[in-house]
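Here's the structure we're looking at; comments come further down.
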Amino acid sequence: MNSIGLCRSYLPNRITVRMCSYYEDAVRKLNKLQSNKSTIEQIRKDIRTGQKCTNLEDMENYLSRTGVTMSKLDELSVVHVAGTKGKGSTSAMCESILRHHGFRTGFYSSPHLVAVRERVRLDGRVISEDMFAKYFHDVHQRLENTKKFEGDMPKYFAFLTVMAYNIFLKEKVDVAIVEVGIGGLVDYTNILRKVPVVGITALGLDHTSILGNTIQEIAASKAGIMKRGCEAYTVRQPNEAMDVLIQYADSLKCPLTVVPDYDLYSFETSQKTRLPVELTAYRTNASLAIQLAHAWMRKKHENKINFPKNTVNGVLNGLITSKMVLELPPSTCQGLGKCQWPGRYQVINADYAKFYLDGAHTKESMEICAQWFSDNNRSPNRILLFSATGDRNAKVLLQPLKYLNFTKVYFVTPTAYKETNQNNDNYSLVEQEELISRCKAYKQIWNKTLRSTSEVAVMECVSSALVNIKQTQGALGTPSVLITGSLHLVGAALSILDPCLNKSYCS
């Protein structure tokens, strides 16, 4: 990237050319399905007052209206992944492993970073604008044609879940890796009845206004993806959380296995894998991904249905028939090493700064992020771009960052540019005034509560902060810039720094 100015001048031209395209019309209609502030507040009120959640009943209705019955949905073979931290990277590595073993994969994740179509991938590739638009308009029209009253449409995430399941069924994937949105038990993705393998990543406190204020309540919600007859895998958890997971698994007669430490795996000498990120948390996620992928392959082998051609005498690479896999075949190693998961522990070099991007948004993940940033640069010129979303406790998130000796801190809204519209992939109904107000509150916390001496600025968008960074380079040399606190913020930054996610990630 040569300059912020060049990127800024390029993007509006791109938008003008595509205006009112089939894809942008789909994005505009999708953005109209976002929940506004009053709707979100009502959902939280219903949870507090014990109102029955109808998410799963609603999903069955929406799927049926698009021609997907529950028996048809049962045909979709899924690896379902829930958790507080690392469920995205775990799912991505699981998908990559299975794809490198020769299976046709689908992958559904959230949120997106630059383009909404990132949420649905086939064979490891983000679906094209044409494919997204084709399936979107088909599903949208079917739902519109069967409305019983005005507004009888799924909201944003529910719609995308319905669309993803339609795509995976019609594109005949061998396996779909599905990342839970929020929680698990009543998450829209959990309409699935027959799931052979589920995974639960590290648990912590997040989305507390929806899932509960204790680790036990969080664990109970995540455990809700377990099904009778499935195999469940998890990582080491706090005792209170593990007790809940074990109790839930026992009630369903669902075997629950804690995956081994990554150091216990053995590799063929020539295949020893260097993970994209060498952090303990990432290695833990890799171990969970390995066991999820191999458990699914083992169960698929037992059913002897559509197994890849590299099966010899009913055994794939000779290594997947045992319950716990410790010796990793070449295809598994390749899947781990070649997995791409942008926005998490990502580094981008520009001519005026080195950027460190991580979508950490919980206390534990922010502590890991702070350590990663500290370990990987020695620049005395350190800059922070921060934003948080929803009801997250900004003080808790900022606490680990105050020890990193930032020379300047920017609290920014999680938007790339000040002006946006409903045709934009990252359009949000949250008012700009509210976002700015949050940034001012973060500044207050940083200055007074955390007593930091960094220079602090509030910016209305990411591009303004980046322009300011470029224009104010001083005697301390090229700055190291940490961008964190929200995946939405990281996505806004990537839309400027790397709008095509290196082109290898997008189709």
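Just so you know, glycine gets a Cβ as well, placed from its N, Cα and C.
Note that the structure is a prediction, hence the values are computed from the model and not measured.
If you check TrEMBL, you get these features:
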BINDING   S110, E179, H207  Mg(2+) binding site
BINDING   R344, D358  ATP binding site
So what sits near R344 (ATP binding site) in its own chain, CB-to-CB under 8 Å and at least six residues off in sequence?
G88, S89, V277, D358, G359
If you skip the near sequence neighbours and keep only those at least six away, which residues in the chain come within under 8 angstroms of S110 (Mg(2+) binding site), Cβ to Cβ?
R119, F157, L160, E179, G181
Hey, what's the Cβ neighbour count for E179 (Mg(2+) binding site) at 10 Å?
26
